[in-house]
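Let me begin by presenting the structure, written as structure tokens, before commenting on it.
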Amino acid sequence: MINVLLFKLFIILVLAAPGQAQYGPGGYWNGAGYPGGPQGSGFRGGPAFDVDEATRVRAIHGVLGAIAMVALFPGGSILIRLLPGKFALWCHAIAQMIALAVFAAAVGMGIKLVEIVKIPVRDGGNGEVVRDGSILANPNINYHPIIGLIVFACLVVQPILGIIHHLKFKKLRRRQAWSYLHLFNGRIFISLGIANGGFGLWLARASAAVKLAYIATAATVWTLWMLFALRGEMKRAKEKRGRSREGSEMEMGSRGLFGRKRFSGNSAF
């Protein structure tokens, strides 16, 4: 079911992206054009950037971001709960590295889009355009790229946190602070990245079908991911209680009637 939803989302995003070239209020640029563009001269031309190139870059950015955030990152996290032993660990690590690479490409496309798109900055007095500004300088729309960069920066350290967690756990056989940092850093910022994908679709003024497909797929995958995580934590807690009970029974069995410790045959005494 999830594979079908992801495939449908991918197709919808690819087919819908070229048709989203027009940007109006709340989007990255105004499709009606504004002064200072290559199609015109002075302050009476069209957009001050290549709209076709920006649309292509945005489509690639959106598709890669959706694949990474809605499919690969949650899927890689689910794998470690589903598969047995070391195989699960390796599949998890490989899947997350692929997800990070795809997300890095999406971020690269996003940075390129910021460089391409120029927003008109108007004079406060007469409302005339005085210069072209960056998306990042516009507080109405800059939250999407800013959140994206924060998410990327936090997920880049995930492999390092994962390696430290694995080495510490292998040595001590219990979770450390590194373990929880790895777990919650991933859960928080992957969730934020999924939400930020929705913000991006809203800014791009995507069609209702595209936004609905994204929300439905993302919500389904996120819910399954959280359910697998909860199931894993419950299983871990149950196993921990079982080990604690076994340890208590062994301790009781090693003592005599009056609580004195019995000597085993291997004892030096």
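Note: Cβ is positioned from N, Cα and C throughout, glycine not excepted.
What TrEMBL annotates here:
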| type | residues | note |
| --- | --- | --- |
| DOMAIN | 60-201 | domain 'Cytochrome b561' |
| SIGNAL | 1-21 | signal peptide |
| TRANSMEM | 59-80 | transmembrane segment |
| TRANSMEM | 87-111 | transmembrane segment |
| TRANSMEM | 146-167 | transmembrane segment |
| TRANSMEM | 188-206 | transmembrane segment |
| TRANSMEM | 212-230 | transmembrane segment |
Among 59-80, 146-167, 188-206, 212-230, which stretch has the highest count of C-beta pairs below 8 Å with the transmembrane segment (87-111)?
59-80
DSSP helix/strand/coil residue counts for the domain 'Cytochrome b561' (60-201):
112 helix, 9 strand, 21 coil
For the domain 'Cytochrome b561' (60-201), the mean pLDDT of the predicted model:
90
